[in-house]
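Asks: Here's a structure for you.
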There are 2 protein chains.
Amino acid sequence: MALIQPRTLKGFRDYLPATMIPRERIMETARQTFRSFGFAPIDTPTLEHLEILTGKGSEETDRQLYQFVDAGKRPVGMRFDLTVPLARFAAQHIGQLGTPFKRYQIAPVWRGENPQAGRYREFYQCDFDTIGTESVLADIEAVTVIDSLLRSIGIEAFTISINNRAILSGLLESLDLADQTTPILRSLDKLGKIGREATAAEMVSAAEIRPDQADQVLQLAECGGGADEVFAKLPAIIGDNATAVNGATRLREIYEGAIASGVAPERMKIDVSIARGLDYYTGVIFETTLDELPSIGSVCSGGRYDNLAGLYTKEHLPGIGASLGLDRLLAALETLDRLSSTSKPCPVFIPYFDKDRRDDYLKLATNLRRAGIGTEVYPEPRKLKAQLKYADAHGFAYALIAGGNEWADGKVQVKTLAEKASEEIEYTHDAPEKLIARLSETENPTRNQSSQTAPPV
Amino acid sequence: MALIQPRTLKGFRDYLPATMIPRERIMETARQTFRSFGFAPIDTPTLEHLEILTGKGSEETDRQLYQFVDAGKRPVGMRFDLTVPLARFAAQHIGQLGTPFKRYQIAPVWRGENPQAGRYREFYQCDFDTIGTESVLADIEAVTVIDSLLRSIGIEAFTISINNRAILSGLLESLDLADQTTPILRSLDKLGKIGREATAAEMVSAAEIRPDQADQVLQLAECGGGADEVFAKLPAIIGDNATAVNGATRLREIYEGAIASGVAPERMKIDVSIARGLDYYTGVIFETTLDELPSIGSVCSGGRYDNLAGLYTKEHLPGIGASLGLDRLLAALETLDRLSSTSKPCPVFIPYFDKDRRDDYLKLATNLRRAGIGTEVYPEPRKLKAQLKYADAHGFAYALIAGGNEWADGKVQVKTLAEKASEEIEYTHDAPEKLIARLSETENPTRNQSSQTAPPV
């Protein structure tokens, strides 16, 4: 019989252990962080009625949608994000769930885009949202979640840029330019690339505004510096428009509330130039960049929106949420050489080389596991050298070597594989404590590190 | 604009928090258990080339396959299990990964079956396998994993039924009935329902065997009792056929190795009557039933197979694996009233009722989270009574009540919600220790309970 060629579809990929281990660890850290703030998990189906999905994203997502007619003749589609399913879910269940409703969802989505470097047709999104409240406390909390999430993942050098869309909206309102918001934002987006003069010229031509109006908009976008400096300069730029003034007041409240919640001031940047898409967000918006690799873009973004589920329900559901860019973050950690290269999720390896001692190896492994120390036993009695090669190749931290002599002496040899160092530690099945204590000295990747060790705020 | 009706597809469902919390907890426990034995996570795409999937399961799975032609004109299908993708994955990557290869995968699969009570078109599978070794140690380990998994989930009363398919194969070989294996197994499957006499009659007619042969087969199937009893009776039934004798020896080795590994003998049953499907398994097979709810069927099943990926590669890949029936187990836990009814993943709730103390509530929450105690703050300053209603409805363990008086006195009121009891505990932001100690007394669902507390084996 001819063999079928084993291969994945274009734009799809397998995750091998060395890639999947850090991926899974970050997802678990995210779950634990979200839960620790009271966000609860939900899940929604991969497939939705097509009408739920089409026209809810951009023209691009419509074009990229995986859609077909199922065996029951129903037009169906595979979800392209987690926001549209959340809107459908909220419209359907919010009466039962009540508000405020805080949820997270970590799940794959599908987009048939042309695969490029680092872009795939199946990828994970990792979202959290608080729905049904306009309270500033929810905004403060979103900043705190992002801070806590990145630090729990082990990242210390990052910057959360925060803005409030209401500030620019209010300024444009006062300049009588509310209708030109979209072309103005489109021009503003180029400020970093083409410079002030060209941006101003484009605003004047494309958005049909006066040069002095363009200048005022640019003054706002360029209002940089530390948070106190920005808050000091803003009043002169935005004048007395109520929307803008309230927007600035709320932005300051979020910043100060985040500091009270333990977010270090130096990790936040008040950046009144960021916009994040044109239509969806209406209030505070966030972007998060890694200080050591800002070029990779934002790894956690989000903001406040006015009404989540208007297409499916008359219930007005304001909310705030953000999304961790899992793949981007993993790519960054790889570039920064922060991912361990292990393909094994447990630290201890026990070679099985004295074939008469199988039950002793099994008991040793069980005793370590019961103490929370993940342990693999090689399945076949082979030469020690071959087994140690396997241990090295897979990145175990320790090999525990015990042959007839060691068992007779009540000892095992603990080999630290990276350092090629060995020491003998007392061990019997009835008294495993010393060995457990020795092996617990190191970080144990089978345990989760949920609690942060920072001092009280 | 007309509203779109928010609804899920027939046979699909949303998971709300109260259902998703225990579901996610079991999946995490499974991951931690698998990892603690050296099984590493992998992931494979939802969509595969259609030719990878068709003809690999049963006629039924072929008929139920979600399949379509993608935008690039490729026939594709959504995976219907995790075994076929694993076979494709192993054929493709085993050269790089090496053997033994130990993996787990927890992921959804899709089957367009007619939805019945408790059956859905999208459901999770939760599989672990050791590939590339025929060693008995891998078989022993599979039993140990199942035992460890159920106990980590919090189930103590269960029975792992173990058989070795080689025993019946050898007996049929010695009776010259190897070619009639399939109809014989089909008849044997009915033994429990239709009784000995009818089963024997059916074997004689359907499988065309002699009554004395049917009697010998039934003697094996009825060889019950404790493990020692079964092992004592077997030799007389199976005679000197080498396949059967080796099969019985290996079965005993697995049983004794599992005991050495810490599995309680009373949790194992040597049951030479179980078969688990007709073609796939060739060696040891397992089923696991809950002693308090055996009628729900096996919650964790698996076995040893000869060659995983023969359709995709010439490399011979024997292995052993099993699958946790997540949905069935959750249904059982619900029936047994073992699921907590909380819709919140953290134990502590802080009402925000003294509106001037927002920052104090935020600081209190941060200090508890940093000590590993998940804490939600209500987002809006409302009447205490309404907030306590919210806390009760969501199943929080504690509400921490602090108004102006409490803050002035350096105390918070700890309300244990289920018992409607309150006590005052000292707390200031600089000295949170007493409160943390009080709240740490209880089980904390935001932490994972990975290590088992059993004594050494």
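From the backbone N, Cα and C atoms, a Cβ is placed for every residue, glycine too.
Annotations for this protein, taken from TrEMBL, read as follows:
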BINDING   B:ASP81, B:LEU82, B:THR83, B:ARG111, B:GLN125, B:ASP129, B:ARG276, B:TYR280, B:TYR281  L-histidine binding site
DOMAIN    B:1-351  domain 'Aminoacyl-transfer RNA synthetases class-II family profile'
Asks: Can you check which residues sit near B:ASP81 (L-histidine binding site), meaning Cβ under 8 Å from its Cβ, same chain, 6 or more apart in sequence, and list them in order?
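Replies: Sequence-distant Cβ neighbours: B:GLY57, B:THR61, B:VAL109, B:GLN125.
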Asks: So if I draw a 10 Å sphere around the Cβ of B:THR83 (L-histidine binding site), how many other Cβ atoms end up inside it?
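Replies: Excluding its own Cβ, B:THR83 (L-histidine binding site) sees 21 Cβ atoms within 10 Å.
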Asks: Count the Cβ atoms, other than its own, that fall within 10 Å of the Cβ of B:TYR281 (L-histidine binding site), considering every protein chain shown.
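Replies: B:TYR281 (L-histidine binding site) is surrounded by 21 other Cβ atoms within 10 Å.
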Asks: Pop the mean pLDDT for the domain 'Aminoacyl-transfer RNA synthetases class-II family profile' (B:1-351) in here, whole number is fine.
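Replies: Computed over the domain 'Aminoacyl-transfer RNA synthetases class-II family profile' (B:1-351), the mean pLDDT is 93 on the 0 to 100 scale.
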Asks: Using DSSP and collapsing to three states, where does B:ASP81 (L-histidine binding site) fall: helix, strand or coil?
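Replies: SS state of B:ASP81 (L-histidine binding site) = coil.
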Asks: Have a look around B:GLN125 (L-histidine binding site) and count the other CB atoms within 10 A of its CB, chains all included.
Replies: 19
